[in-house]
Amino acid sequence: MGNEDKKKKDVETGKPVNKKTTDSKDKENINKNNESKNDENNEDTNKDVKKSGSKINTKDEKEKTGEAPVGDKTQDPVIQLEEKEKLEEAKKLEEEKMKEINENAIKDIIGDGNETQDKEDVREAEKKHRTFSRKAMINRTTFSIGHLDEYFHYKCGNVNAFIRAIIESTVVFIIFMLFPFLAVLFISKDSFMTVLKNSLKPSQSINRVSTFFKQNLLIAIMYVAFVIISVIVDNSIYIVVYLFRTFDIAVKGYPAEFLHVLKNSRRFLRNALVSFTIFFLSHLFSEKYKFFTSKLTLMHLIMTVVFWYCLLSCMLFLEKFIINIFTSELRKSSFQSRIWDANYKTFIFKKLATVAEATPNGKSEVDAIIKTMVNEFDAGLYLRHTGLDLSSKESAKTLAESIFGYLEIDEMEYEDIKRIFPDNHPEEIMAYLLGKQKDTYENTVVSFETFSKRVVDLYKERQDIKRSLTDRENIVNKLDQILIMIVTGFGAIIFLFLLGIDYKYYLASIGPFVFGFSWVFKDTIKELYNCFVFHLINHPYDVGDRILIDNCEMTVVRIDLLSTIFENISGRLIYMANTTLFTKKIDNIRRSSKQYENITVIIGKNTTYETLEKLRGALEENYNNLGEEFTGTVYIRNYMAEGDYMKIIVSIEHNTNFQDEPLFYKRRQDCIKVLEETLANNDISFDHRFSFVNL
């Protein structure tokens, strides 16, 4: 039986209730729940309980001793009933009070516990520092045992090229001439000067020792000439740059393109000069050469081949020179701005990576890197900074993580950018990293997620440029191969001339062959010509571009001479012959600047044109307030009736193009949200089913 039932029974039988016992039990229960959180409440409660308990105990003691108070009316039933009601009322009041105290204590305990937990979570968040892995970000050059020459050139890169050439020529000359010199000293009966004079005369009949000496001397001189010519040709770019600076010619524009063409064509120039030098030395020291003679000797045949190779190299140099001029113009018109932009962005991350890796080594090394590492002149012809590891999407993320890890930061501050890039317009770099323009960048930070996205976007951009350049080079190489075949054919005819063969024997057969070949393959030749013009002259798209063909949205995957591979929005690959694209309308989204989102809206038929003008003004204001994503320019087109409704097309100008598909769809959601709110605010009834059209 519970305590409450027992109390009720005692009251009904007229027995006094021992309030002290009851109150002390309740007090123990409260103490168990409250502990130390409600000491003050417990003290007040204990006082009240003690007071009531002392009064009741005094009465109990008097009843036990048989002493009745004066005027005792305990025997009166009415009085007993009144006392019973009073006791019950006091009991209820005290129970409610104790219940309230208990609930307050519980609330205090729970409240304090939650507050303590929240404080602990905050402290834990404050203590928690985001950790980033540290990995190598700059690729290191490795060499194998079979490429010792490259290793020595790499290690001795600071040594002047001419000094290296002199050392190399001296070593080779000693190796070739050591044994012949010893043979002359110890075996030959003639003196050294006599042997040397005989070696410098052509067709001189001499003994075996002198012949051995002469042959090695000629080979050594040829090798030395080869080294000297190679050094001069390889450094011809620096020679031309020196001449440009002497005459105050800026190395940009056409001078920069000329250097680019010279760099790609100098191999054949070197071959022509070296072969002519060998032919000339052989003519001086070995045998006098006679042109167009039918009398052949082994030496004459060798010299004829060397001279023919010299002429062929000259023709190939001219062909390569023309091709490279053509390629340079293509790069300038199609890729120069993209390559320059990608190179500058890569330089930003490369300098950040270099500074980050040097940070553990001390402030002095970091300051030296910041001062000396600058972005050199870039003509926008090649992708530079290839040492930075951007070979995959994972490596790009690793690069971003390693930069933050070495710098021991959770976010990139504007002060860090100003410190690392003091002379590179830090506000422009900060705008690029943030992805938006701001009036001021003080107290502005770049989160790791945003920073990592910029690195991944740069990796994708460089990959698109690489694939576009690769596909373009493949097409140009095919044109180059055709021209090389033509040049080689002319070279073969020249070789027959040099051998003294009568031209009547081979021209009579070559002419009909060329005529028959051109007649049979005329359609193929025409198609090839059109494809060259389509890709190299018209150049409607590059790899990675989002385009529209017959209102079908696709992304360019690969470009070949005769066909192009596209990927549609469902992920299917589409192979299209380039001949079918000659007359197609091709919309290039990536090359577009600011684009309009055209949305068809169905509105109530009672909407007036004046109301639509107010709507346009409200839309412009709302899109202006939305942020940097929209320009605020809005047009309302095609105001026409359609059944019981009116149809309008709302054109909203974005601040960029629609190449970045995830960003485009995010902006579209914001665009629709603002449009719906503005229509509703202007009390224009409309259908929530919007459609998007390409105008």
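Cβ coordinates come from backbone N, Cα and C, glycine included.
Small disclaimer: the values here were computed from a predicted structure and weren't measured.
Residues annotated as compositional bias 'Basic and acidic residues' in TrEMBL: 1-13 (among others).
Under the heading compositional bias 'Basic and acidic residues', TrEMBL lists 20-66 (among others).
Residue counts for the domain 'Mechanosensitive ion channel MscS' (533-591) under DSSP (helix as H, G, I; strand as E, B; rest coil) come to 9 helix, 26 strand, 24 coil. What TrEMBL records for 533-591 is domain 'Mechanosensitive ion channel MscS'.
Sequence annotations record features per position, and here TrEMBL assigns region 'Disordered' to 1-84.
Residues or ranges marked as transmembrane segment in TrEMBL: 165-187 (among others).
What TrEMBL records for 217-244 (among others) is transmembrane segment.
According to TrEMBL, the transmembrane segment annotation covers 268-286 (among others).
Here TrEMBL flags 298-318 (among others) as transmembrane segment.
Residues annotated as transmembrane segment in TrEMBL: 482-499 (among others).
If you look at the transmembrane segment (505-521), the same-chain residues 6 or more away from its ends with a CB under 8 A from one of its CBs are 493, 496. For 505-521 (among others), the entry in TrEMBL reads transmembrane segment.
For the transmembrane segment (217-244), same-chain residues at least 6 beyond its ends with a Cβ under 8 Å from one of its own Cβ atoms are 161-162, 165, 168-169, 172-173, 176-177, 180, 196, 199, 250-251, 255, 258-259, 262-263, 266, 269-270, 273-274, 277-278, 281-282, 285-286.
For the transmembrane segment (268-286), the list of distant contacts is 199-203, 214, 218, 221-222, 225-226, 229-230, 233-234, 236, 299, 302-303, 306-307, 309-310, 313-314, 316-317, 320: same-chain residues at least six beyond its ends, Cβ to Cβ under 8 Å.
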